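As recorded in TrEMBL:
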type     : residues : note
REGION   : 1-44     : region 'Disordered'
COMPBIAS : 1-18     : compositional bias 'Polar residues'
COMPBIAS : 19-28    : compositional bias 'Basic residues'
REGION   : 100-119  : region 'Disordered'
REGION   : 246-272  : region 'Disordered'
COMPBIAS : 252-270  : compositional bias 'Acidic residues'
REPEAT   : 284-325  : repeat 'WD'
REPEAT   : 326-367  : repeat 'WD'
REPEAT   : 370-410  : repeat 'WD'
Amino acid sequence: PASQVSFEPGSSGSTSATRHPKQKRKAHSLSIRRTNSTEDRLPGILRGDMLEGQDSKLPHSLRNNLLELFGQIEREFENLYIENLELRREIESLNDRLTGDGQAVDGGDPTKGALKAKASHSTSQLSQKLKTTYKASTSKIVSSFKATTGSRALCQLLKEYVGHRDGIWDLSVSRTQPVVLGTASAGTPNLFVHRTSRSVIVLCPHAAWMSVCADVYVHMFSAASGDQTAHIWRYMVQLPAPQPPPDVSALCDDDQDSSDREEGEVDGDGPCEVPTIRVATATLKSHQGVVIAADWLVGGRQVVTASWDRAANLYEVETSELVHALTGHDQELTHCCTHPTQRLVVTSSRDTTFRLWDFRDPSIHSVNVFQGHTDTVTSAVFTVGDNVVSGSDDRTVKVWDLKNMRSPITTIRTDSAVNRISVSANQRIIALPHDNRQVRLFDMSGVRLARLPRSNRMGHRRMVCCTAWNEENQTCNLFTCGFDRQAIGWNINIPALLQEK
């Protein structure tokens, strides 16, 4: 009946008389106050009439819930507005007291009191911090949208090194001429010469080879093995004689059989003509598990190895004697790396930490633990300066300062697990190999520079395990390897890459 409806001034009597009381209360709950609006507010029933006249596809129950939520929002705004007014009164009263005591600034303006200045200072610091964070995150987001064509122009695939019959875990590049690329596979470790892109030496197989590292001083490689040992190999490269031009008629017959050849498999007469070193120069024993990595300490007289027995060992190369056993990790080790100019060693582990071992003082061997990852630390490497870069299965890469090890100075977040990373010596560009077949380049501040081109016809077709820089070689300065049984040499135009950033 009409007697149950309460009218408001300016409302339509014919419309309001037909409205149900429940619907009228629903319309009142949507009346959110607009304090900055110069227009006169419409009465509640009239606004409800306007909303009822609008077409809506929302269910009746959902529409009621929305109106109730809008009412709650209105009440919250009212409470905040009241609190704001009370705080303003308190600030004005405090400033009046400070003005009476002579502690206010010249002019006696209450808005420039001591409390206001202190609050303004803290607010400016917070604002500056937010601006810095926003700028860094924005630059990372913008860099992720760089054109693929630009990456292809700056990063070009030069050579593919084939010959393995299994996935390649690790690779290393010599610093002497000719440039020799050492690869470690579950089958046999091979040595490739950059100019030929074919295997020139096959090392005698023992078990699954997990890592290989070139000595920067002499023609020697250290290799970690799955038989709980590490081996030192001395090599002498003999470049193969130039091959005569292929017979065109023979190529037609070869094309018919090429489709039946397994992916990554080379010709049958290739490995037979490659010399094989069957006796290692030295064998390093003492581990109780798989030796997963090895690296040369500065000077070339000592080698450090990392194993699944949760320990790293330091050996003398000439005598093969164990010098130090580096223990302390709670789980299996995944990688080890040495500083290029100082007697420092860093070991990474599945216990989500990596440790820094200092051998600069013969009498004191200190160790520092870095905590910051939430999953397995796959690798940690030194830079030329005082930084360590760590990669993890938690899809992050962190840059650490050796002088302040509490927290990383840069965190790079990716979309896939990161494997054995490498940092260029001169420009300090980080090359990240991923499980998703991608290789990305970042600078030390976390800005992405490029992504190596990859398609069905070029690039890696499976997980990329390792990267290695060789800036001494101007043409081919980055090498990668993966589970697709090949290593790839890339030409990275570093000056143009940095200029584009």
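Backbone N, Cα and C atoms are what each Cβ position is placed from, and that goes for glycine too.
Those TrEMBL annotations? Automatic predictions, nothing curated.
Same-chain residues lying 6 or more positions outside the repeat 'WD' (326-367) and placing a CB less than 8 Å from one of its CB atoms are 289, 292-298, 304-314, 373-382, 384, 388, 390, 392, 402, 405, 420, 425. Counting only same-chain residues 6+ beyond the ends of the repeat 'WD' (370-410), those with a CB under 8 A from a CB of the stretch are 334-335, 337-341, 344, 346-350, 352-356, 416-423, 425-426, 428, 430, 432, 442, 444-446. Per-residue pLDDT, averaged over the repeat 'WD' (370-410), rounds to 94. Mapped onto DSSP classes, the repeat 'WD' (370-410) shows 0 helix, 22 strand, 19 coil. Taken residue by residue, the repeat 'WD' (284-325) breaks down under DSSP into 0 helix, 23 strand, 19 coil.
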